[in-house]
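Novice: The structure that follows is given in the form of structure tokens.
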Amino acid sequence: MAPGLDFSDWWAKDTRKGTPVVVKMENPNYSVVEIEDPDGAFRPVEKSRGKNAKKVTWVLLLRAHRAVGCVAWIATLFWALLGTVKKRLIFRQDVAMATEKLGKGKLLFTIIKAFLVTSLMILAFEIVAYFNGWQYFNNPNLHIPRTSDTQGLFHLAYVTWLWFRADYIAPLIQALSKFCVALFLIQSADRLILCLGCFWIKYKKIKPTMEGDPFKLDDVEGSGYQYPMVLVQIPMCNERELSSLTLHQVYEQSISAVCQLDWPKDRLLIQVLDDSDDESIRCLIKAEVATWNQRGVNIIYRHRLVRTGYKAGNLKSAMSCEYVKAYEFVAIFDADFQPNPDFLKKTVPHFKDNPELGLVQARWGFVNKDENLLTRLQNINLCFHFEVEQQVNGVFLKFFGFNGTAGVWRIKALEESGGWLERTTVEDMDIAVRAHLNGWKFIFLNDVKVLCEVPESYEAYRKQQHRWHSGPMHLFRLCLPAIITSKIAVWKKANLILLFFLLRKLILPFYSFTLFCIILPLTMFVPEAELPVWVICYVPVFMSFLNILPAPKSFPFIVPYLLFENTMSVTKFNAMVSGLFKLGSSYEWVVTKKAGRSSESDLLAAAERESKTPNQLQIESGASESELTELNQLKVDPVRVKRVNKIYRKELTLAFLLLTASVRSLLAAQGVHFYFLLFQGLTFLLVGLDLIGEQMS
């Protein structure tokens, strides 16, 4: 017998006689009205009680009005979503398909499409069986099919499907789900241990410290503190984006911030390493460097003729200069990073009397973390990465992955570890692993922040995450023999292989995609392999709560964060597989587009520069009037590129797969499973239609 959709039990709960109904008011001046029986509402009451009853009625009406308004808002939002689906999927207005350049991406898309088509067929099969009452074998009215009877043939096919899925399909899915759940629990335990380590650091107030203050006047005069020679590098490539608050480019912000570092000018050299292939951008950067050079800053411009190896090749080429031998330390800042003037004074002194120290890493701060939902979700992830992962590994292991920027290296450590290599797109992680194998120690400074940006569009964020998850797997293939044969302690080798690479770079995207995007929808059509509620609800929510602790202001976004992380598992799984099996995209670098957001100090500096007359600028840069006019025209009127929203096929296909599975879950009356699949499917739909982050059309 088919399960009926009968709501009579719900109504029966509200029609029992003699049950007191208590209306409690938030305002203590209101009285409480109790109705003990159906006739109690019509008995005469005192005037004062009648007035209070009227107040109760008005408050209830007000709350009802708010509830109706909330429902109307949800309906409006749903209607707008349907309108966007119609506009982008049917009429294709202002959209473009996100192309898959590589065969592996197309293969994953084909597999997901096959899952979707199969699930739609099974869903249609299940709906027919549901309304015919074929779900149970013990139905005494079950019609015995005959060969010539179409209804009987269909019924026979359904009974055969039930037998086949219970004996052959369910065991396979159940075995895979148990494997993924085990990985999920191991990774969750790792997250929990990291959080406990972070709590211990906070409780004991553990942090790297310097002995005394080397920059006190008496110390400088008495002990003769020598400022070491520091090289600052700013690698950049086609940094054309304008700031939304000023007419200054991204490269101007970083160059301006680095040129204002508080360090003796004769002991500081700034290298602007420009890999741009656009002549107009190179002219702008040259002019900016010339301006600061005229002000007395020791800054040079460098451009490679042979642009190979991406950022690693750029840094390797810069370190090969003859004058670099005179410098002891090198600080690296990407184009959108804006260090405070005291950055070097807070980082470089940690190297004093610590010859084994090879790297001092500062954390990132974000000028646009509240720009939109996408930037808020990124802020949650990155805060956990720096506050928990980097800090705990730095305190207890003296090792972590270099973040590629906002860090100071001892040049000797770079040279002894083999220097920058062009073999992978995660050159920062590569040099960190090799330095660790050579015995160098790292320090992470959680209280030193360098302002930067996070991507504001999903397209830019997706490409960034692909590089961040394909590069480590590619590097793992290359580094594994060196790790095994190295002379470091066995526990350090185990930490590198099992935790640093496998658990945090491979297992996380594997189980996240397989468990929540593939196995969970399949269990709706194969209920014999059902996932327990704690796997899809309790443990993920608890882990999301731990992830959000370093950014407590983001607590209202805990549910969107959980859903979005599962959505990003498609991109991360795709990238992980391409890096692990050395497919084409494992060595693909796409510059992350930034909006050019300015910090408050940068805006003040920009205002000061704009207050200068053209004659002063002309004198400082040594440019002619015609050249100055051309440069100003390039700054004010950049090349306008029409950008359109993208449609991401894998995300859309998975959205329809999850929504199809949610319909099947509704037939089985599975509450938590249904809501999870529904909201996860809607999240995939929003991301697939490019409705998260910066609206580009």
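Placement of Cβ uses the backbone N, Cα and C atoms for every residue, glycine included.
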Novice: Given the ranges 64-85, 152-173, which one is assigned the annotation transmembrane segment in TrEMBL?
Specialist: 64-85
Novice: According to TrEMBL, which listed range is transmembrane segment: 541-559, 674-692?
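Specialist: Of 541-559, 674-692, TrEMBL gives transmembrane segment for 674-692.
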Novice: For the transmembrane segment (674-692), find every same-chain residue at least 6 residues outside the stretch whose CB is under 8 Å from a CB in it, and list them.
Specialist: 81, 84-85, 88-89, 95, 372-374, 458-459, 516, 520-521, 524, 536-537, 559-560, 563-564, 566-567, 645-659, 661-662, 665-666
Novice: Could you pull the average pLDDT for the domain 'Glycosyltransferase 2-like' (330-536)?
Specialist: 94
